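A short worksheet on the structure shown next.
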Amino acid sequence: MEQPPSSPPPPAAATATAAPTPTPAPSSAPIILSDSPPAAAAGEPALTAAQKALRSKPARAPEDPDKKNKKLKDVEISFPIVYGTISFWLGKKASEYNSHKWTVYIRSATNEDLSVIVKRVVFQLHPSFTNPTRVVEQPPFELSESGWGEFEIAITLYFHSDVCEKRLDLFHQLKLYPEEDAGPQSTKKPVVVETYDEVVFPEPTEAFFLRVQNHPAATVPRLPPGITLSSPGPMELMPHDKKRFDTKDHSLSQWFSNFSEADELLKLAAARQQVQAHIAKLRRQLSMIEGMPQQSRVISGPGQQFGHG
């Protein structure tokens, strides 16, 4: 679609007529943190005999403030994510430059709370929008707008400090119009385009591992032999942890694609039960037919098919 004369020319990526193949999310790089304790200050006074005696007595060692930054070797934590857009045609309310209302978002593949790892999300819209750089610092990580043109949206994820110091850049093509084989536009059926990916955090810190090991959105492996975690003290909740921010009750959740392996397994199990029940029913019918007297069985021969004599 051409932009109106008053709008600035679209970027090269926005002029493409067909949506590009979604770009897979790259795995984040390991966090480089120093495991070494801070060096002693120069000119530190020597310990007295009394201090040495106290130091030699069995006592609970003070907690190392750097222990939370200890990295777990040969361990990876992954979070399945989904990012995409849902667009609704406005029907009779549509105008030349305002034909669709749409929402761009990033969510957990299982609709759990992603704010356990994501600190904020930046959505970069087409420059013709007022304030095209939108920052969302609270879940759900999404924004809604209206317009008439399709363009590429840049989505940048920033993580909490104990998760990863590097940002993650994603790109998604906004699609407003259905494919030809999908039928005409409808105000009741939106155009949904979603991309599934997994964000992998290699060598997570001990603090990060302890914080998400029981989180439903995380895929956390068993620790390799030889790795033991310190006894977790009272965990400090982040502001976003004080309230649940999943997308299970989202107003658009009925249109979300299902990427959950558990849900797929449940569907397969239900289908298998239906097939087994149907097979059992056919076997009962067959055994009843085989148990009937010979003369009562209906056998169709030449000239007797379909009730003809």
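Backbone N, Cα and C atoms are what each Cβ position is placed from, and that goes for glycine too.
Bear in mind that TrEMBL entries carry predicted annotations, made automatically and left uncurated.
If you look up TrEMBL, you'll see 1-12 marked as compositional bias 'Pro residues'. Look at TrEMBL and you will find 1-69 tagged as region 'Disordered'. Per TrEMBL, the feature compositional bias 'Low complexity' maps to 28-50. According to TrEMBL, the compositional bias 'Basic and acidic residues' annotation covers 60-69. What TrEMBL records for 71-215 is domain 'YEATS'.
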Counts of helix, strand and coil residues, the domain 'YEATS' (71-215), according to DSSP: 13 helix, 70 strand, 62 coil
Within the predicted model, mean pLDDT of the domain 'YEATS' (71-215): 92
